[in-house]
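*Asks:* One structure, pasted below without further comment.
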């Protein structure tokens, strides 16, 4: 009979059975079952080799027979995972312990309560522990914040110890490194960003342009300005050009002025409505002067952080002084140059710090020798008085809207490169565009070119320019609008009423065009050609204002006369607003009321953030307010009666004009005036 086989010898037989050497084949066992099944059973029942080394299995009984190690199922594959299957311990006490070198905390507590953990060893920080089970195996457990853990371990007789170092594993060291790594990286990042802001080592190419360049000026610098604009390209601002040409000549020929004791102007402020060419003049100065040129917008000074505005002003003038003589151009200076001292809000106003620094740089203790400051604004009334005094801005150049001659020159400049028809007359266009700025005229010619291209024309004719003018003034035509015949008739009589009253009012603006084509929010329009002299002077007589109110009410009067009181519409709402505004100004501001007298009441309120009053204050009593309302109503009623008298007297001309409008939709001034030849109309005499 073959000698009994122990578990350890069986494990040896399992290992040798998988080798290809025939000399190591295990001896045949006297068992009726096949050998591979018995070996598979041994592999499933034998513990792992490390466990056998730590806890040696007890020697088998002398009477132990190898048949007790048979596989439970003879159908099992004898070669399935023969080498990869880890042998399991045979001890019943460790049979339900978790596998692996790291246990979950719940598995650890379950094993402790079952008495299967012999000892634990905590790491120094208490975040990990290493356990030793009763079968000798070891595992690690991540320990949460459980205040009852020590009591549970002591109750179940577990030996507790604490490691002197990070004996529990690499987790403690990694945690230590992680705690130091984030502050180090944050500090290094901030250091790198501030080095970039200062332009020092690590600032990158050029040292500037980093994301932390808060305190540096963002002005554009040109050593040799190439703006592409000279004084030849600036038209319609002859007086402004003369003022600036002296500044340019001073830079080019300083000896001519210094020989007579003259000093170069330190600053020049360009003042004028939007679109009059202030920035264009500055570009022309840069193109003519031939000296270094700095340009920036005032809104670039004040941004996100407090103190940035003053810092950027200092940086700008430091660069300019290094390049002196030079020109610094600040566009829209009212963004930082507004009046100080409003004192609202109780906080610090960053704009005040910026303007204080600007005042110091322009004419402070150190001075700004060789730096000429050009600035542009369309709000000179809100600028601080200290900024406007001589020594800072020695000159204030007014760039006003061009007159007829100026508009002709501007149209000639903006028509360069455009194919124009022979019927285009710049003189007529200029007279039809009173009050237009250079930007408006440039837009007019561009819109005319777009219309000509849309119509597949080779040239720009006067029709395209006329249509573009109406588009700019009143909006695009509503070609697809569906208008009933009754509405067209009502609009025709409404516009005819405006034109008829305007034509028969003495010393009023002539009618230029009448149209019932819907444009924008208007169903029809009547164009008048205002006097050039009146626009330039800004002086309006009392009779002109009274005529203006009567003309505005002519549309409503025509509706009432033709369609009756019950069928008038809301089309005159804008006319009423205009009439009320003119009448109230005549009473409150212009002194055209006998009862109120030669006084101005109810002045406009100022903006508190400009250092002015909070709101308008009524400086008159309620009784005076009643008198003002009565005077306004009297002026409006007088204008209404004048318009009614004209329309009822010349109703035949009203019918002819309305019929002509319904047929042609558009009637020009000359065609309209031809109706008066047969009508024998006379001017209205009050």
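Counting begins at 1 with the first residue displayed.
Placement of Cβ uses the backbone N, Cα and C atoms for every residue, glycine included.
Worth saying up front: this structure is predicted, and the values here are computed from it rather than measured.
According to Swiss-Prot, the feature transmembrane segment maps to 173-193. Look at Swiss-Prot and you will find 272, 273, 274, 275, 276, 277, 278, 279 tagged as ATP binding site, backed by sequence analysis. What Swiss-Prot lists as Zn(2+) binding site is 494, 498, 575, and the listing cites similarity to another entry. Marked as active site by Swiss-Prot: 495.
How about a rundown of where these features are and what they're close to?
*Replies:* In the shown protein chains, 21 other C-beta atoms lie within 10 A of the C-beta of residue 272 (ATP binding site).
The Cβ of residue 494 (Zn(2+) binding site) lies under 8 Å from the Cβ of 523, 524, 555, 556, 558, 559, 571, 572, each of these being in the same chain and 6 or more residues away along the sequence.
In the three-state DSSP scheme, residue 495 (active site) falls into the helix class.
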*Asks:* In the structure shown, with every protein chain counted, which of the binding-site residues 273, 277 has the densest set of Cβ atoms within 10 angstroms of its Cβ?
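*Replies:* The residue with the densest Cβ neighbourhood is 277.
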*Asks:* For residue 279 (ATP binding site), name the DSSP secondary structure in the helix/strand/coil scheme.
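*Replies:* Going by the DSSP assignment, residue 279 (ATP binding site) falls within a helical segment, counted as helix.
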*Asks:* Highest CB neighbour count within 10 A among the recorded positions 495, 575?
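*Replies:* The residue with the densest Cβ neighbourhood is 495.
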*Asks:* With DSSP assignments reduced to helix, strand and coil, which class does residue 273 (ATP binding site) get?
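*Replies:* Residue 273 (ATP binding site) sits in coil per DSSP, no helix or strand.
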*Asks:* Please tell me which one of the recorded positions listed here (495, 498, 575) sits closest to residue 277 (ATP binding site), measuring Cα to Cα?
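*Replies:* That would be 575, nearest by Cα distance.
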*Asks:* Round to the nearest Å and give the CA-to-CA distance linking residue 274 (ATP binding site) with residue 495 (active site).
*Replies:* 32
*Asks:* Report the same-chain neighbours of residue 279 (ATP binding site): residues 6+ apart in sequence with Cβ closer than 8 Å to its Cβ, ordered by sequence.
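*Replies:* For residue 279 (ATP binding site), the qualifying residues are 331, 376.
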*Asks:* Going by C-alpha distance, which of the recorded positions 495, 498, 575 is nearest to residue 278 (ATP binding site)?
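*Replies:* Sorting the recorded positions by distance from residue 278 (ATP binding site), the top entry is 575.
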